[in-house]
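Inspection log for the structure reproduced underneath, given as structure tokens.
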Amino acid sequence: MSEVQSPVPAESRLDRFSNKILSLRGANYIVGALGLCALIAATTVTLSINEQLIVALVCVLVFFIVGRGKSRRTQIFLEVLSALVSLRYLTWRLTETLDFDTWIQGGLGVTLLMAELYALYMLFLSYFQTIQPLHRAPLPLPDNVDDWPTVDIFIPTYDEQLSIVRLTVLGALGIDWPPDKVNVYILDDGVRPEFEQFAKDCGALYIGRVDSSHAKAGNLNHAIKRTSGDYILILDCDHIPTRAFLQIAMGWMVADRKIALMQTPHHFYSPDPFQRNLAVGYRTPPEGNLFYGVIQDGNDFWDATFFCGSCAILRREAIESIGGFAVETVTEDAHTALRMQRRGWSTAYLRIPVASGLATERLTTHIGQRMRWARGMIQIFRVDNPMLGGGLKLGQRLCYLSAMTSFFFAIPRVIFLASPLAFLFFGQNIIAASPLAVLAYAIPHMFHSIATAAKVNKGWRYSFWSEVYETTMALFLVRVTIITLMFPSKGKFNVTEKGGVLEEEEFDLGATYPNIIFAGIMTLGLLIGLFELTFHFNQLAGIAKRAYLLNCIWAMISLIILLAAIAVGRETKQVRYNHRVEAHIPVTVYEAPVAGQPNTYHNATPGMTQDVSMGGVAVHMPWPDVSTGPVKTRIHAVLDGEEIDIPATMLRCKNGKAVFTWDNNDLDTERDIVRFVFGRADAWLQWNNYEDDRPLRSLWSLLLSIKALFRKKGKMMANSRPKRKPLALPVERREPTTIQSGQTQEGKISRAAS
């Protein structure tokens with residue numbers, strides 16, 4: 001009896017057919033040409049308003065139906081659909097809304113149109129960059145350790161405090177790599193004796209530089225000439241590496257000799273000003289997550305990963321092939337990567353955080369850092385434009401172009417915010433369109449842009465927060481943008497201040513006064529519009545009524561964004577010098593020394609940490625309440641297969657939660673604390689532990705942030721932190737045991753190689 005063959009699945013047949021068609025000579029060009037013709041036809045076909053409304057409604061329904069999928073093809077389809085809707089909007093704007101009565105009206109209208117063209121250009125480039133994120137996985141190193149390369153770890157510093165730098169140095173000394181194949185260097189542009197002495201004490205090497213020319217790039221170039229490792233790991237002086245950094249990130253460099261750079265994410269264990277100051281900040285992804293979670297991963301597909309200045313491994317041969325780090329701009333990192341790629345080198349990105357640093361503490365500092373970034377990227381755009389010159393593929397050119405021109409955002413952002421004032425103050429209607437036409441063209445364009453971004457960005461960036469980030473800095477960056485475009489050689493490298501405390505809550509007027517003035521003007525314009533609609537409604541012509549209505553709605557949206565940006569300036573107290581990091585680590589707590597045996601501890605009690613810091617640790621454990629005074633203890637843990645034992649003092653214990661402070665009295669203990677807090681291989685794997693974006697929820701969170709602007713002093717932080725659930729401990733307190741200081745029941749504790 002013949003065997004019955006099962007039918008070939010329809011999807012498989014379709015795939016086979018499409019593959020056969022595309023395998024024909026010239027098929028890709030034919031399909032591309034047909035697709036382009038279809039796109040042009042779809043975006044330029046003339047429809048009545050009612051027909052366009054039907055098309056817009058169908059596109060929205062298609063989005064909701066297709067958007068339920070999770071595949072990469074679904075994302076690409078939604079991006080193409082969004083681009084199609086946006087191109088129809090652009091066609092409408094160019095052909096039907098530029099009907100101006102005066103030169104002033106025409107000038108204002110064209111200015112708005114240019115801002116919209118920039119926004120659409122950035123939208124399409126973002127779709128191009130993220131069309132196929134690579135999601136590169138770590139590659140194993142050779143089995144034979146003798147085949148592992150030599151590595152120089154550079155930690156450049158200029159005027160940062162030793163208390164910050166020493167943590168990074170100790171973390172670097174603890175990286176799991178053959179001791180004879182790694183050297184840790186403090187690159188001190190300040191030539192400070194205490195740094196040199198610390199290097200001697202801890203086992204690091206010290207390179208001082210007197211002239212400080214070319215800032216960080218000059219410091220790195222100075223060190224390259226005095227070192228010889230095959231690879232260079234660069235860490236900003238506050239970026240503390242995990243123990244597994246090199247073993248996770250080095251495999252690709254060893255396997256592929258063409259890779260010049262392996263970049264990893266910049267993760268921050270302290271909150272940035274937006275997270276710390278806004279009411280819902282702790283439930284919102286950090287500003288940098290979009291770049292390191294989505295954009296860099298997309299750039300990697302196009303072989304266009306940028307060097308970000310830290311948390312990156314570079315091949316010495318590649319750096320030397322371009323004459324060292326670029327010194328022509330204040331963003332030496334991106335410029336260096338561009339120069340290497342022009343020489344034919346590849347770059348790579350690994351979306352695994354293997355180091356963590358301090359975010360900018362104050363809004364003023366944050367804006368200053370972004371001003372430097374904007375100046376540097378615009379400088380590169382002027383002096384080494386990626387669209388000109390040789391050595392780059394088209395995908396690389398577009399990715400670099402997107403990065404550089406993204407810092408032009410300040411001028412379009414101000415134009416978008418201020419545009420409704422043209423009518424509310426001066427009666428200049430700069431978009432000649434009825435509300436029905438806006439509903440048919442503009443609203444679908446905005447819907448698809450926002451909704452598609454939410455699908456692509458998931459939990460890496462929430463809707464409407466980009467507008468707040470940009471608005472916070474826009475009025476400061478306008479001047480920088482114009483001056484740098486005109487005079488690219490102007491400007492100098494500014495070191496971003498890190499670390500510090502804020503004793504009292506305060507309002508940062510210096511960082512918010514432009515937006516306060518802007519919001520006041522916007523409020524006045526909105527009141528004028530509402531007054532006209534309320535008291536002169538019957539006297540207004542039909543077109544004037546519609547214009548007032550649209551511009552009042554626009555002004556309200558602008559005002560919401562401005563108020564959210566102003567709310568960031570309400571600086572909350574930061575009295576802890578040591579930032580707490582949420583971490584759940586199984587530990588065993590050994591109680592006070594036995595009488596007459598000062599180095600012997602007893603009563604082993606298991607527990608689970610809640611949060612850790614360089615100052616101490618909070619542990620959930622079955623322990624009686626303690627309120628009579630400090631209790632000497634030792635905290636034992638197993639980290640990455642190795643045991644660690646740290647002396648600590650219990651300050652209090654209540655309801656099963658004990659609070660300890662470290663007895664940090666020597667360098668070896670500090671080394672162990674750094675490893676316990678920052679050096680765990682899995683320390684930052686939950687860096688994107690945020691829910692996927694939902695635009696309406698995100699909008700609501702912005703409104704809550706504005707409400708918090710008017711909160712009573714000191715009230716915000718109590719309500720903004722997400723509440724932690726108590727950890728369930730399925731353990732009981734053990735019978736008394738004893739342990740010698742520096743040992744465990746299994747034997748002597750081994751420390752990280754230094």
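Just so you know, glycine gets a Cβ as well, placed from its N, Cα and C.
The active site annotation in Swiss-Prot covers Asp189 (among others). Its Cβ taken as reference, Asp189 (active site) is surrounded by 22 other Cβ atoms within 10 Å in the chains shown. Secondary structure at Asp189 (active site), taken from DSSP and collapsed to helix, strand or coil, is coil.
Per Swiss-Prot, active site is recorded for Asp333 (among others). The Cβ of Asp333 (active site) lies under 8 Å from the Cβ of Phe306, Phe307, Cys308, Gly309, each of these being in the same chain and 6 or more residues away along the sequence.
The substrate binding site annotation in Swiss-Prot covers Asp236, Asp238 and is backed by sequence analysis. Look at Asp238 (substrate binding site): DSSP puts it in coil.
Residues or ranges marked as compositional bias 'Basic residues' in Swiss-Prot: 717-726.
According to Swiss-Prot, the compositional bias 'Polar residues' annotation covers 737-754.
Look at Swiss-Prot and you will find 574-679 tagged as domain 'PilZ'.
Look at Swiss-Prot and you will find 147-240 tagged as region 'Catalytic subdomain A'. Across the residues of the region 'Catalytic subdomain A' (147-240), the predicted structure has a mean pLDDT of 96.
If you look up Swiss-Prot, you'll see 317-377 marked as region 'Catalytic subdomain B'.
Sequence annotations record features per position, and here Swiss-Prot assigns region 'Disordered' to 717-754.
As annotated by Swiss-Prot, transmembrane segment applies to 26-46 (among others).
Among the features that Swiss-Prot reports, transmembrane segment is placed at 47-67 (among others), with the record citing sequence analysis.
Taken from Swiss-Prot, the feature transmembrane segment applies to 108-128 (among others), supported by sequence analysis. Outside the transmembrane segment (108-128) by six or more residues, the chain places 79, 82-83, 86, 90, 93-94, 97-98, 100, 295, 395, 398, 401-402, 405-406, 408-409, 411-412, 415-416, 419, 422, 428, 430-431, 449 with a CB less than 8 A from a CB of the stretch.
Look at Swiss-Prot and you will find 167-187 (among others) tagged as transmembrane segment, backed by sequence analysis.
Note on the transmembrane segment (407-427): residues 104, 108, 111-112, 114-115, 118-119, 122, 373-374, 377-378, 467, 470-471, 473-478, 480-482, 518, 521-522, 525-526, 528-529, 547-548, 551-552, 554-555, 558, 561-562 of its chain, located 6 or more positions outside it, place their CB under 8 angstroms from a CB of the stretch. Residues annotated as transmembrane segment in Swiss-Prot, with sequence analysis given as evidence: 407-427 (among others).
What Swiss-Prot lists as transmembrane segment is 430-450 (among others), and the listing cites sequence analysis. Long-range contacts of the transmembrane segment (430-450) within its own chain (CB-CB distance under 8 A, at least 6 residues past either end) are made by residues 49, 52-53, 56, 59-60, 63, 78, 81-82, 85-86, 88-89, 92-93, 96-100, 105, 108-109, 112, 123, 419, 422-423, 463-464, 546, 549-550, 695.
The feature transmembrane segment is assigned by Swiss-Prot to 468-488 (among others), with sequence analysis given as support.
Simply put, out of 47-67, 167-187, 516-536, 549-569, 549-569 has the most Cβ pairs sitting under 8 Å from the transmembrane segment (468-488). Taking the Cα atom of each, Asp189 (active site) and Asp236 (substrate binding site) are about 13 angstrom apart.
Residues 145, 148-157, 195-196, 198-199, 202-207, 209, 219-220, 222-223, 227, 229, 233, 235-247, 355, 614, 640, 670-671, 674-675, 678-679, 752-754 of the same chain lie 6 or more positions beyond the ends of the transmembrane segment (167-187) yet place their CB under 8 Å from a CB of it.
Around Asp236 (substrate binding site), the C-beta neighbours below 8 angstroms that are at least 6 residues distant in the chain are Ile155, Pro156, Thr168, Gly309, Ser310, Cys311, Gly357.
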